[in-house]
Amino acid sequence: MDRIIEKLDRGWWVVSHEQKLWLPGGELPHGEAVNFDLVGQHALHIGEWQGESVWMVRQDRRHDMGSLRQVLDQDPGLFQLAGRGIQLAEFYRSHKFCGYCGHPMHASKSEWAMLCSHCRERYYPQIAPCIIVAIRRDDSILLAQHTRHRNGVHTVLAGFVEVGETLEQAVAREVMEESGIKVKNLRYVTSQPWPFPQSLMTAFMADYADGDIVVDKKELLTADWYRYDNLPLLPPPGTVARRLIEDTVAMCRAEFE
């Protein structure tokens, strides 16, 4: 799976280090390896996009290292592969030694895993499941400003799934903890890999059941009901949060217009 890059190799290049991505000119590099000074480097084939290979290269470039969010507006399939590259680069960087016996580890040749030659333990990339939910009450949707997003963006509620918890239980707990309300009629919508960090977003829609909004000030700045045709600043297109909001708006339009 891992090999030395040759002069004629071409494709999409996910050059990553410490969860950063090399974006010369603000774009994901595409073309022949020689044009990006990649010949002789180690590369891992992580997929294909539009008939061309996608390669992950673990390397820190002095300039143009940015965030994966900068390519969020590209095609979802390419964004997903770039996210895979970042997560794999971070996985290999953080698993050089075995967590059980402390001996050095090496990469598997048959799968994305790290192996310990001493105790035979096998490690796989960490994936953190999260829930994200759009909550509707009549013609309105619950939107909140998160403390970590002080840019005026209002979005739906989300959170990590805890150990020993189902996705449904996670939705009920997160909604109650952050907003103080209860929900009903939970429906699964879609999922999205989201490497900020190593998350798998599982998206739901739900209906308001009971309770008054009581904001968890540790997590949220504000939370309120917004009529579907009078919404504040929203997350960018391409995010699963935006998808949930747009789906809720479409349902409201169909019912109230």
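A Cβ is built for glycine as well, from the same backbone N, Cα and C atoms used for every other residue.
Of the listed segments 93-114, 159-180, 181-202, Swiss-Prot assigns motif 'Nudix box' to 159-180. Among the candidates ALA158, ALA203, ALA241, ALA250, the one that Swiss-Prot lists alongside GLU178, GLU219 as binding divalent metal cation 1 is ALA158. In Swiss-Prot, the substrate site is described by ARG69, GLU111, GLN192, PRO193, TRP194, PRO195, PHE196, PRO197, GLN198, SER199, ALA241, and among TYR123, TYR124, TYR208 the residue recorded at this site is TYR124. Cβ atoms within 8 Å of the centroid of the Cβ atoms of GLU174, GLU178, GLU219 (the divalent metal cation 3 site) belong to the same-chain residues LEU157, ALA158, GLY159, VAL175, GLU177, SER179, ASP216, LEU220, site residues excluded.
Comparing CA positions across the binding-site residues ALA158, GLU174, GLU178, the one lying closest to PRO193 (substrate binding site) turns out to be ALA158.
Same-chain neighbours of the divalent metal cation 1 site beyond ALA158, GLU178, GLU219, judged by a C-beta within 8 angstroms of the site's C-beta center, are, in sequence order, ALA144, HIS146, LEU157, GLY159, GLU174, GLU177, SER179, ASP216, LEU220.
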